[in-house]
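These notes are about the structure you will find just below.
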Amino acid sequence: MKRFFQPVEKDGSAKKPAISPSKKDKDENGEISEDSTTKEPLKFLTWNANSFLLRVKNNWPEFTNFVTSFDPDVIAIQEVRMPAAGSKGAPKNPAELKDDNSSSRAEKQIMMRALSSPPFQNYRVWWSLSDSKYAGTALFVKKCFQPKSVFFNLDKKASKHETDGRVILAEFETFRVLNTYVPNNGWTEEENSFPRRRKWDKRILEFVLQNSDKPLIWCGDLNVSHEEIDVSHPEFFSAAKQNGYVPPNKEDCGQPGFTLAERKRFGNILKQGKLIDAYRLLHEEKDTERGFSWSGNPIGKYRGKRMRIDYFIVSEKLKDRILACEIHGQGIELKGFYGSDHCPVTLVLSEASPKSRESEISS
């Protein structure tokens, strides 16, 4: 099943799929498609699966039906939660699924069998995985929309993967697609909490500013709710504590993802990077039924407590091409979440005119 893994060359660019000398793909009937290699993706889907393997085992028919209906050109997955290839004590290969023992081989076989069936056999997939069943991302791109290059880090260095497999960056002719699983802010000043998130936000801002030559489509679980309208219960989330701990800086207080410090930094990234929140652009009012992408445990104090932390953030240059951006889950019973605590979010762009295509790159 190695066909699902796309090797990356030393310059960071993915090997081109085998095609005929005419550079044109064949459709399912074997006919040559005249424009299959000239168009770029227009329909995008992002979803934190909260263990992609569990979704394959328990929720695959429903999710498959959703993907078939929406028919995305690009699918960005977060929280794959499948370990990287490599035996214990040996160097790991974050671009491939672990298969060095009976249990990991069985899990990989389950995954590959699911991805070899419709509609997923129409996509190529890139993985960026953690050493354990934690975090990890995947990017699916229809075979007729192959990117010019794929990186797995914000520095655009060949073969390097971010810690825990949190980044996949695909570069197309006229824009970039960035799939990220942003680290949770946590509750304390410990190394893997506030400081880690501050460092991440700084690096994202640097990445955006240093790569402004092309429009950006940034998607994934960004682990932040920008404004009060983006949470169901602002007062609850603002007052949230863990074990009674109160951070010394008031701006770090509250639910991870809704602290004032995180929200300010996120707003600064959007402002300096000239980026737009596609969903909020089209949905200005609070939607208490469909306006949130994450929902708390239906049992306990988080029942009915919801946040919008999954996004499509796009460059201002693409603003006039945004046709739709929708959140596909609803209600406290998690309809449309497909077993995860997050629901899919989608984006649809209009085709670029020749003039706008030139201006998006040059301006």
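The backbone N, Cα and C atoms fix where each Cβ goes, and this holds for glycine too.
Taking Cβ-Cβ distances under 8 Å and a sequence separation of 6 or more, the neighbours of Y181 (active site) in its chain are N48, Q78, E79, A135, G136, T137, D164, G165, R166, G220, D221. Annotated active site per TrEMBL: Y181, in sequence order.
Here the Cβ of D221 (active site, proton donor/acceptor) has 29 other Cβ atoms within 10 Å, regardless of which shown protein chain they belong to. Marked as active site, proton donor/acceptor by TrEMBL: D221.
H342 (active site, proton acceptor): 25 other CB atoms within 10 A of its CB, across all protein chains. Marked as active site, proton acceptor by TrEMBL: H342.
Among the features that TrEMBL reports, Mg(2+) binding site is placed at N48, E79, D221, N223, D341, H342. There are 27 other CB atoms within 10 A of the CB of N48 (Mg(2+) binding site), with all protein chains counted.
According to TrEMBL, the domain 'Endonuclease/exonuclease/phosphatase' annotation covers 45-342.
What TrEMBL records for 1-37 (among others) is region 'Disordered'.
Secondary structure of the region 'Disordered' (84-106), assigned with DSSP and counted as helix (H, G, I), strand (E, B) and coil, comes to 5 helix, 7 strand, 11 coil. The region 'Disordered' annotation in TrEMBL covers 84-106 (among others).
Positions annotated as site 'Transition state stabilizer' by TrEMBL: N223. Same-chain residues at least 6 positions away in sequence with a Cβ under 8 Å from that of N223 (Mg(2+) binding site) are, in sequence order, V182, P183, N184, N185, P256, G257, I309.
What TrEMBL lists as site 'Important for catalytic activity' is D310.
Sequence annotations record features per position, and here TrEMBL assigns site 'Interaction with DNA substrate' to H342.
Proximity of D341 (Mg(2+) binding site) to non-local residues of its own chain (separation of 6 or more, Cβ distance below 8 Å) is seen for N48, N50, W294, S295, G296, N297, L334, given in sequence order.
Sequence-ordered, the extra residues of this chain that approach the Mg(2+) site, with Cβ no more than 8 Å from the Cβ center of N48, E79, D221, N223, D341, H342, are A49, N50, Q78, Y181, S293, W294, I309, D310, S340. Confidence annotation: the domain 'Endonuclease/exonuclease/phosphatase' (45-342) carries a mean pLDDT of 96 in the model. For the pair H342 (active site, proton acceptor) and D310 (site 'Important for catalytic activity'), the Cα-Cα distance reads 8 Å.
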